[in-house]
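Features reported for this protein in TrEMBL:
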DOMAIN    35-453  domain 'Major facilitator superfamily (MFS) profile'
REGION    1-20  region 'Disordered'
TRANSMEM  28-51  transmembrane segment
TRANSMEM  71-89  transmembrane segment
TRANSMEM  101-119  transmembrane segment
TRANSMEM  131-148  transmembrane segment
TRANSMEM  155-177  transmembrane segment
TRANSMEM  183-204  transmembrane segment
TRANSMEM  268-291  transmembrane segment
TRANSMEM  303-323  transmembrane segment
TRANSMEM  330-351  transmembrane segment
TRANSMEM  363-387  transmembrane segment
TRANSMEM  399-419  transmembrane segment
TRANSMEM  431-449  transmembrane segment
Amino acid sequence: MERPERIEDGFTTTDPLLSTGGDTPASATLAVVFSTLVAVSGSFVFGSAVGFSSPAQNGIIKDLGLSVAEYSVFGSIWTIGAMIGAIMSGKLADLFARRGAMGFSELFCLLGWLAIIFGKNALWLDIGRLLMGYGVGIISYVVPVYIAEITPKNLRGAFTTVNQLMICCGVSLMYVAGVVINWRLLAVIGAIPCIIQLLGLFFIPESPRWLAKAGQWKECEASLQRLRGKDANISEEAAEIKEYTETLQKLSEAKLIDLFHKKYAHSLIVGVGLMVLQQFGGVNAIAYYASSIFESAGFSGRIGSIAMVVVQIPMQVLGVLLMDKSGRRPLLMVSAAGTCLGCFLVGSSFLLQDLQLWKSSPFLALVGILVFTGSFSLGMGGIPWVIMSEIFPINVKGLAGSLVTVVNWFGSWIVSYSFNFLMLWSSEGTFFIFSAVCGVTVMFVAKLVPETKGRTLEEIQSSMNSFT
């Protein structure tokens with residue numbers, strides 16, 4: 001039987017992914033696409049902040065006369081701000097709603113960039129970096145949660161993964177632009193996405209699930225209708241959201257200790273476990289110190305860094321395309337296995353260099369870093385955030401999300417702080433440890449991480465909470 005044509009947001013289509021009603025996959029309407037783009041403007045800010053410190057280092061030290069120690073403080077203090085923001089992120093997202101929390105975070109990011117743009121000494125730069133870190137700590141939680149709550153179940157994985165894609169784009173832009181422009185102009189470029197998101201927030205709907213939690217049923221239905229299209233039948237999805245929310249509202253307000261209740265054990269183990277394994281697999285050690293790793297291995301740091309950018313974005317795009325086709329678990333296991341292999345190759349390169357067994361070992365280090373970067377971008381970079389946004393019920397999502405985000409940032413700080421000391425101890429040993437952690441990640445995913453592809457948030461959360 002031939003599928004009838006439908007008019008959806010001005011486009012005529014027969015694609016089942018652009019239809020609604022019953023069990024038929026729901027559409028990626030212009031409202032969903034635009035809302036996602038506004039939300040991930042914050043992710044671009046996140047990536048810009050990560051990528052700024054490396055290309056700006058020489059210029060800032062030269063112009064302001066900073067010592068290496070002072071610049072190290074500037075580079076790392078944003079992680080402290082991010083942990084503070086992460087602690088408060090869930091509560092702010094529940095209190096001010098998802099849009100309000102994004103706007104609140106961007107104000108701090110914008111103030112941070114302005115302090116750096118006009119800063120005349122180390123103090124102002126540190127204040128700006130701390131403010132930016134605080135804003136990014138909130139963004140890192142609320143953006144994937146908002147996207148997960150507004151998108152149809154059949155498209156949720158791909159749309160939520162755009163968060164990580166935009167982080168990669170922000171990092172890459174800073175790396176490339178930093179080669180040709182000075183650090184103050186680079187900071188101006190970093191501030192532009194903040195303004196874009198602040199303006200865009202006035203034109204996107206609030207999360208229908210947050211509105212339901214707040215008891216605003218009419219607003220919830222209006223938001224859902226706007227997101228699914230004016231002609232879409234939202235009755236089934238709205239009823240499911242309402243029924244699930246009413247069930248949760250019968251429970252007392254969640255406290256931190258409630259997270260450790262048996263019914264949330266599976267969700268908490270998965271959420272925290274993925275973040276710990278993501279960070280202790282060495283991603284930020286490689287991201288922050290890529291140039292020095294290449295140079296230690298005897299390869300050009302500049303060429304190696306550019307090669308990373310070339311590999312990173314296409315693999316992230318591939319991950320977005322595969323997310324709702326292959327499912328979360330297979331993509332995670334392939335990604336973790338690839339990072340395991342990448343770290344093993346880098347460790348082997350250092351070992352061969354120490355033993356003076358192979359003159360081409362620097363190229364092995366390059367291959368290992370590129371395998372790690374490509375594999376991480378494929379799944380381990382974005383999927384833990386996707387799953388975090390899916391597995392916790394709305395009544396504990398704020399507390400659980402804050403805890404998981406703090407764990408992620410704390411792990412980032414531990415790895416980035418200890419990496420240089422580990423390299424002094426044993427270069428090959430450091431990467432073999434990272435490789436072992438990545439190997440454990442494959443087993444962790446296989447045993448404990450559920451497949452959430454094609455299921456509503458309510459279905460996922462009900463099954464997770466019934467785990468014993």
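Backbone N, Cα and C define each Cβ position, glycine as well.
Because the structure is a prediction, the values reported are computed rather than measured.
Put simply, of 155-177, 303-323, 330-351, the stretch with the most CB pairs closer than 8 A to the transmembrane segment (28-51) is 155-177.
Using a Cβ-Cβ cut-off under 8 Å and counting only residues 6 or more beyond its ends in the same chain, the transmembrane segment (71-89) has close neighbours at 49, 53, 57, 60-61, 101, 105, 108, 122, 125-126, 129-142, 401-402, 405-406, 408-410, 412-413, 416-417. Only pairs six or more apart in sequence are counted, and the transmembrane segment (303-323) with the transmembrane segment (131-148) gives fewer than three Cβ pairs under 8 Å, not enough to call it a contact. Scored by C-beta pairs under 8 angstroms, the transmembrane segment (363-387) has its highest count with 330-351, from the stretches 101-119, 131-148, 155-177, 183-204, 330-351. Contact between the transmembrane segment (183-204) and the transmembrane segment (431-449) is not supported, since fewer than 3 Cβ pairs fall under 8 Å when only residues 6 or more apart in sequence are counted.
Residues 35-36, 39-40, 42-43, 45-46, 49, 77-90, 92-93, 98-99, 101-102, 104-109, 111-113, 115-116, 156, 159-160, 162-163, 207, 385-386, 388-390, 397, 401-402, 405, 408-409, 457 of the same chain, all 6+ positions outside the transmembrane segment (131-148), place their C-beta atoms under 8 angstroms from a C-beta of that stretch. Residues of the same chain lying 6 or more positions beyond the ends of the transmembrane segment (101-119) and with a Cβ under 8 Å from any Cβ of it are 39, 42, 45, 49, 64, 85, 89, 92-93, 95, 125, 127-139, 142-143, 146, 184, 187-188, 190-191, 194-195, 197-198, 201. Sequence-distant neighbours of the transmembrane segment (330-351) (same chain, 6+ residues past either end, Cβ-Cβ under 8 Å): 277, 281-283, 293, 296-297, 319, 322-323, 361-362, 364-365, 367-376, 378-380, 383, 427-432, 434-435, 438-439, 441-442, 445-446, 449.
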